[in-house]
Amino acid sequence: MDRLAFLLATGLARGLVIALFALSLVIIWRAARIVNFAQAAMATVAVYVAYAVVTWTGSYWLALVAAVVTGMLVGFAVERWLIRRVPRDNPLPGMIVAIGLVMILHSVIGILFGPRHVPMRAPFSREPLYVGDVAVLSPYDLFVLLLALGIVVALAVLFNRTTLGLQLRAAATAPEVSRLLGIRVPRMVTIGWMLSSAVAAVAVLLLIPTELGLNAHSADILFVHAFTVAVLGGLDSPVGAIVGGVAVGVLITLVTGFLGAGMAPIAVLALLTLVLLVRPGGIFAVKEARAA
Amino acid sequence: MTIKNLSRIQKIALRGIGLAAVAVAVTFVLSPYQNYQLAFVAAVFCATAGLTLLIGLTGQLSLGHAVLMAAGGYGYALVAGPMSAAGIGGPLPLLAGLLGALALAGVVGGLLGLAGARLKGPYLAGLTLALVIALPAFTSQIPGLGGDQGMRVPFVGVPDGLRPLVGVEQWHAWIAVVIALLAVTPLAIIRTGRTGMRMRAVHGDEVAAKLAGVSPARVKTGAFVVGALSAGLGGAVLAVLTQNVSPGAYDLNFSLLLLVAVVVGGLGSLVGAAVGAFLVVLLPWLIDTATGAMGLSTELEQRLSGDLVVLVFGALLVLVTIVWPGGLSNALSGRFSSLVDRFRPRVDQPAPQSLTER
């Protein structure tokens, strides 16, 4: 029972990281109708910069800022210089270019930093706190929880309570009408990419201390999990991404804790398959796709 | 009977047999290592040919094609291994193993196809991605698949009568070429025939295809199954060549390599798939040779060895998609079509479908 409580609590923290990453996929999908397969690799680049900052200055908070800023810059560069040149009449070229970008980023990181995992220390202790006799969250898990929730709330406010958020949503759902009303749609798409890529960078930065360390491929599994979440909750739904993210995180932690780490990818695949069986026709909750 | 009187299928079969005969003849002038590479190209061609139909004609992006090859390899090992352990010699284990490869790859492909029929582009790509990532977990959790070490595959020796004439590598190249012929010819027939038309229709406009009486679900699932069968045969060839099948050989990188091959070759084109297969087998070797010859420090060389190839392929993928959407085959067919026309009557579609053409 104690073990279950502990696993549930750590699963919650892990799930929020997945949810955050899934949220970044949702943002980009809503802004540009693209599933960005390069999201993990782009975020890893930003986290390498954050790692350099933390080594130079020793401040985790500066590194966090660096990750966000680099994430935004990477998102800007990728959207302006790459994705904008891709033919948009069909989703295939966009996906293929994103996969090419993954290969480029992975190999460049590999050439520059080698295959080894760079350890990254957490800013808080990872020893679990005890409530009575039951081990629950560690201070770091708590930090992850709070930061992730903070970002989710901030994004919700941005999208629902500000003019920029309204413009972003309008540009995503009805680009032609928005353009007629004076919204700079291409700029909104770029901002969507920057936001999404910054959120992803934070998610990967939060993930790294709980994993082996930083490596070109250390965010790949996170992407697969986040993608599963996107299928569960629907790519259009931020709430679905958060709820689904926590559910998948708890599932993975429970399976790893009770059945062994080897079963976790199979559990994720089984969950995906199950969802597809229960929801034939895909998980397109709202509408299929924007025409253009 | 003149060439003109042959049916479409006979022409395709004749052309395939002719190409295979040329490939077999070429094996006599190649070194053993080059023969090994040729066999490898043939195996990869089996997979890319199916993948190019899947992506180019039906528009389904599969990132997990390596898993279908792995299924073929495991199917082969599961059937051929026990047979040769029981002392059955001759060509029987090879043939039965190929059937095993077809069966297992067909089942996996059918399941994926059922999912593919329900899923739009990015969702299918994500599902197949999850499948590739989960492959090592499957092989270590299911008993009898040998975990990370994989399974040993019995050696296929040269028959006694041919032993003075051909070496082992050459014999394996022959096997690979013949299997590639058997795997790709049906795909060529499908591509130019009625089914290929249905596939294009479903890709072009699903609703219109439905109105015309085409079932998109059936077409998409079918495309996955035929692609899986030929990829399974390719996996069986790789198993014979390397005498081993292990999850490490069929990782995400290999899947992406197959994607690079079909995109760079030209989506929907079998010639492109062949060119792509040559490219993904020979380019890494060329790059390794080149970096080896440059006299770099061992540390730098180690870093470059795997990653430089991935970098080049990634850049190719991006460049071809943005600058040259039809791939190599499209560019070549434009430039040389007048030349080709002079020598052969055109039977199939004039140019492979480009990405942007709808």
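Glycine residues also receive a Cβ, built from the backbone N, Cα and C atoms like all the rest.
TrEMBL entries are annotated by machine, without manual review.
From a predicted model like this one, the values you see are computed outputs, not experimental measurements.
Look at TrEMBL and you will find A:6-27 (among others) tagged as transmembrane segment. Here the transmembrane segment (A:6-27) has Cβ contacts under 8 Å with residues 35-36, 39-40, 43, 128, 134-137, 141-142, 144-145, 148-149, 151-152, 155, 192, 195-197, 199-200, 202-204, 206-207, 210, 222-223, 225-227, 229-230, 233, 235-238, 240-254, 257-258 of the same chain, all six or more residues outside its ends.
With a cut-off of 8 Å between Cβ atoms, the residues of this chain six or more beyond the transmembrane segment (A:34-54) that come close are 21, 24-25, 28, 60, 62-64, 66-68, 70-71, 74-75, 78, 83, 91, 94-95, 98-99, 101-102, 105-106, 109, 113, 118, 120, 196-198, 200-201, 203-205, 208, 214, 216, 218-220, 222-223, 226-227, 230, 235. As annotated by TrEMBL, transmembrane segment applies to A:34-54 (among others).
The transmembrane segment annotation in TrEMBL covers A:60-83 (among others). Long-range contacts of the transmembrane segment (A:60-83) within its own chain (CB-CB distance under 8 A, at least 6 residues past either end) are made by residues 32, 34, 38, 42-43, 45-47, 49-54, 94, 97-98, 101, 123, 189-190, 193-202, 204-205.
The transmembrane segment annotation in TrEMBL covers A:95-114 (among others).
Look at TrEMBL and you will find A:134-159 (among others) tagged as transmembrane segment.
Marked as transmembrane segment by TrEMBL: A:188-208 (among others).
Annotated transmembrane segment per TrEMBL: A:214-232 (among others), in sequence order.
The listed stretches are A:134-159, A:188-208, A:214-232; of these, A:214-232 has the most Cβ pairs under 8 Å to the transmembrane segment (A:95-114).
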